[in-house]
Amino acid sequence: CSSLRRLAQKCCSLSALRAWLPFLSWLPSYNLRWLQMDLLAGLTVGLTTVPQALAYAEVAGLPVQYGLYSAFMGGFFYTLLGTSKDVTLGPTAIMSLLCFSVVGGQPHRAVLLSLLCGLIQAGMALLRLGFLVDFISFPVIKGFTCAAAITIGFGQVKNILGLQGIPQQFFLEVYYTFYRISEARIGDVVLGLLCLSLLVMLMLMKKKLVSYDGSTSETNSRNSTLAGKLVWIVATMRNALVVVAASCIAFSWDAYGHNVFTITGEISQGLPPFRPPPTSDITANGTIVPFWEVVEGFGGGLAVIPFMGLLESIAIAKAFASQNDYRIDANQELLAIGVTNIMGSFVSAYPVTGSFGRTAVNSQTGVCTPAGGIITSMIVLLSLAFLMPAFYYIPKASLAAVVICAVAPMVDYPIVAKMWRIRKLDLLPFVVTFLMSFWKVQYGILGGVAVSAVLLLYNMARPQIKVTDHGALVMDLNSGLSFPAMEYASHIIHTQALQANPPRSMVLDCHHISIIDYTVISELRDLLRQFELRGVRLVFCSLQPSVLKVLLAADLQGFKYADSVEAALHMVSGNWLDD
């Protein structure tokens, strides 16, 4: 018996270890074919990550190297802790916008924000609080992503035009961009539009092709198949190719002494130092801002960013898990994101989450395990170690084109018509979130969540109640019964039964009620007394066992119940005994 007990404990501990370290589940089965596919996927995603990371750092208002600092830690830790083979963690457009709205482009505060967000996310994972994101409704998410895409996309127009000194607040940004459009630099405009055109063309070409997974039709010739794969690879790496081409053009003009493009300029070279994140900040005049003042300055962003990071990554993981037929663990995903942000803060990273675009590339390239992220991280590290001098000549217009093409698909305008057809009331949190996000991003999310909560509470307080007449009244509580709804249900009972002339008996059909609380019990006790005073009856039917047990334990005077509506109607007709 003792040996069996020890064996069971060993199995349980091994199972628990695999739950906390999911790589132990797939590592023993790792083979050469998986290695080949992970290498290919990691390389492809890496070539996509580098230009996007540089561009998203601009969105966050940070020096471009911070995008790369934030892009490599996720690949290592998600391999150990993640439950999706497809998800890639790193800078995203939405997280970059949120980061800018909270820290205003201050690098030290962005790094501290990453640490605090990671601690919150890891703490939520350990407390199994991943379910909290379920309270952020789909209309709120869509309203936020649409507004964020417009804000991010228009924020890059100034770089396409070569304008500088434009305010960052959205409405002022729109005004001054059009006000100063006459100052646009021809070189930036031409290069930016050319980059946009090439990116759109390659993106459309990719949509026309089958993904590179060896599933091409047998009727195609070998040459056409190879040509299609080559075009698909080129289209997948379009961001890197366009940025490299634009950098070569900028370098060529600069070599001949023509400064016609706005380029990235001097950036820090080499790998970031591994050191604890700063716990204070220093202003431009040398004043030291203590930790608590910095945290106070983050405001509601310290609650919004961890939630949005979790929401974005979980949504992506679930989508690809469904597509590729595997399961994910939401709390484990939350832990992976939290640890990544904590460790990222030691290498000067700002908050990251799952990227839909790069995850799609990862999946389409045929990745087999999360180990593909290690290859992606190595590509980013090699870029930091050896390619930083070359980034000097990257035109800002080309990075702006990359960002605009990345966020354009997020503007999901057909969703408005769908919500109008399905449930018009869902447009309210959508519109509130959408409009308030142009004021401040975090206010948009909080406003949308507040409106959704009000609608949810209203539905709880005003459940669907159907009353029919079968000689005695029958009330069907279609949406269950909880303490917010009890006053409403009691009002209907009073108006239709107790205050009728003469008062009428009533049957409560309770088959939808699965839980009952003390407030409901108290109100039912009073209703039974009112019915008894008026000489009529209130009978319960179709009670679930758990609810019946609670009602019997409450010792309600005059409480009667039946198994069905028909039996209850028979009881209220007078064919029953008081005992």
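Here the Cβ of each residue, glycine as well, is placed from N, Cα and C on the backbone.
Caution: TrEMBL annotation is automatic and unverified by curators.
Here's what TrEMBL has on this protein:
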- 471-556: domain 'STAS' (DOMAIN)
- 63-81: transmembrane segment (TRANSMEM)
- 111-131: transmembrane segment (TRANSMEM)
- 143-166: transmembrane segment (TRANSMEM)
- 186-205: transmembrane segment (TRANSMEM)
- 226-253: transmembrane segment (TRANSMEM)
- 298-321: transmembrane segment (TRANSMEM)
- 333-352: transmembrane segment (TRANSMEM)
- 372-392: transmembrane segment (TRANSMEM)
- 399-417: transmembrane segment (TRANSMEM)
- 437-458: transmembrane segment (TRANSMEM)
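At the 8 Å Cβ threshold, with sequence separation of at least 6, the transmembrane segment (372-392) lacks contact with the transmembrane segment (298-321), having fewer than 3 such pairs.
Counting Cβ pairs closer than 8 Å and at least 6 residues apart in sequence, the transmembrane segment (111-131) and the transmembrane segment (226-253) reach fewer than three and form no contact.
Among the stretches 63-81, 298-321, 399-417, the one making the largest number of Cβ pairs under 8 Å with the transmembrane segment (143-166) is 399-417.
For the domain 'STAS' (471-556), the mean pLDDT of the prediction comes to 90. The stretches the transmembrane segment (226-253) and the transmembrane segment (333-352) are not in mutual contact, being linked by fewer than three Cβ pairs under 8 Å (pairs 6 or more apart in sequence). Each residue in the domain 'STAS' (471-556) gets a DSSP state, and the totals come to 41 helix, 14 strand, 31 coil. Using a cut-off of 8 Å between Cβ atoms, the transmembrane segment (298-321) and the transmembrane segment (333-352) share at least three residue pairs, counting only pairs 6 or more apart in sequence. Sequence-distant contacts of the transmembrane segment (399-417) (same chain, six or more residues past either end, CB-CB distance under 8 Å): 51-52, 54-56, 58-59, 64, 93, 142, 145-146, 148-150, 152-153, 156-157, 159-160, 192, 195-196, 199-200, 203, 239, 242-243, 264, 357, 427, 430. A Cβ distance under 8 Å defines the sequence-distant neighbours of the transmembrane segment (63-81), meaning residues of its chain 6+ beyond its ends; these are 20-23, 42, 49-50, 52-57, 87-91, 107, 110, 114, 264, 267-268, 272, 332, 335-336, 339-340, 343-344, 347-352, 369-371, 373-378, 380-381, 383-384, 388, 391, 394, 399.
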